[in-house]
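Record features, source Swiss-Prot:
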SIGNAL    1-19  signal peptide
DISULFID  Cys22-Cys46  disulfide bond
DISULFID  Cys25-Cys32  disulfide bond
DISULFID  Cys39-Cys67  disulfide bond
DISULFID  Cys73-Cys94  disulfide bond
DISULFID  Cys95-Cys100  disulfide bond
DISULFID  Cys120-Cys145  disulfide bond
DISULFID  Cys138-Cys165  disulfide bond
DISULFID  Cys171-Cys191  disulfide bond
Amino acid sequence: MKFLLFCCLFGTFLATGMCIDCEHCVVWGQNCTGWKETCGENEDTCVTYQTEVIRPPLSITFTAKTCGTSDTCHLDYVEANPHNELTLRAKRACCTGDECQTLPPPVLEPQVNRPNGLQCPGCIGLTSTECNEYLVSCQGSENQCLTIILKKPDFSLSEMSFKGCASENLCLLFEKKFWRFLEASEVDVKCTPAVPQTSQ
């Protein structure tokens, strides 16, 4: 259950001026309808995203809608890999006003395992700021080593830690502090370039 909660958080806060109203919802699957909520003063667009959690042979998809900032709309695809058998990825789309009523939801392309020759330390700690690291093979656009440490949890969550390969887009999103959760909790995020895999 805690693992699924972590995965939800990964997706739920993948999207964060003017005061506009955006639909808010999170559902398993692809059809998401919810309530209207006024966005924050720095949020000037609505964001819909589809997130997939893959751990062969299982794959879980959920869709969410929330407020966001237009300067992150071009960062429409992100992925992370904290474990050689686990992949987290998301596709995002922005809209405003009536456009949100007709804009088709983002759709993730079929996942293809594509090792890119890079590696990072990876692990997940669901109840601690520390976790036991091991080397993870990066895939596709994952060229960064991402570390997330949740020190001061909110929403009644325990401490958490996450390390693994990540796409540069995901690191740029964190750099822009797009994640609403960062505003209410003490979260350390660090990205460094992934390193070439050593020959065995």
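Cβ coordinates come from backbone N, Cα and C, glycine included.
Annotated features taken from Swiss-Prot, shown on the structure.
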residue: Cys25; record: disulfide bond; Cβ within 10 Å: 14
residue: Cys67; record: disulfide bond; Cβ within 10 Å: 22
residue: Cys73; record: disulfide bond; Cβ within 10 Å: 15
residue: Cys100; record: disulfide bond; Cβ within 10 Å: 19
residue: Cys120; record: disulfide bond; Cβ within 10 Å: 26
residue: Cys138; record: disulfide bond; Cβ within 10 Å: 27
residue: Cys145; record: disulfide bond; Cβ within 10 Å: 23
residue: Cys165; record: disulfide bond; Cβ within 10 Å: 30
residue: Cys171; record: disulfide bond; Cβ within 10 Å: 21
residue: Cys191; record: disulfide bond; Cβ within 10 Å: 18
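The Cα of Cys95 (disulfide bond) lies closest to that of Cys22, out of the disulfide-bonded residues Cys22, Cys25, Cys171, Cys191. The shortest Cα-Cα distance from Cys25 (disulfide bond) to any of the disulfide-bonded residues (Cys46, Cys120, Cys138, Cys171) is found for Cys46. Considering only the disulfide-bonded residues Cys46, Cys138, Cys165, Cys171, the residues lying within 10 A of Cys145 (disulfide bond) on a C-alpha to C-alpha basis are Cys138, Cys165, Cys171.
Closest to Cys138 (disulfide bond) by Cα-Cα distance, out of the disulfide-bonded residues Cys22, Cys32, Cys191, is Cys191. Long-range Cβ neighbours of Cys46 (disulfide bond) (same chain, at least 6 residues apart, Cβ-Cβ under 8 Å): Ile20, Cys22, Glu23, Cys39, Lys65, Thr66, Cys67, Gly68, Cys94, Cys95, Thr96, Cys100.
Under the DSSP three-state reduction, Cys100 (disulfide bond) is assigned to helix. In this structure the C-alpha atoms belonging to Cys165 (disulfide bond) and Cys120 (disulfide bond) are separated by 6 Å.
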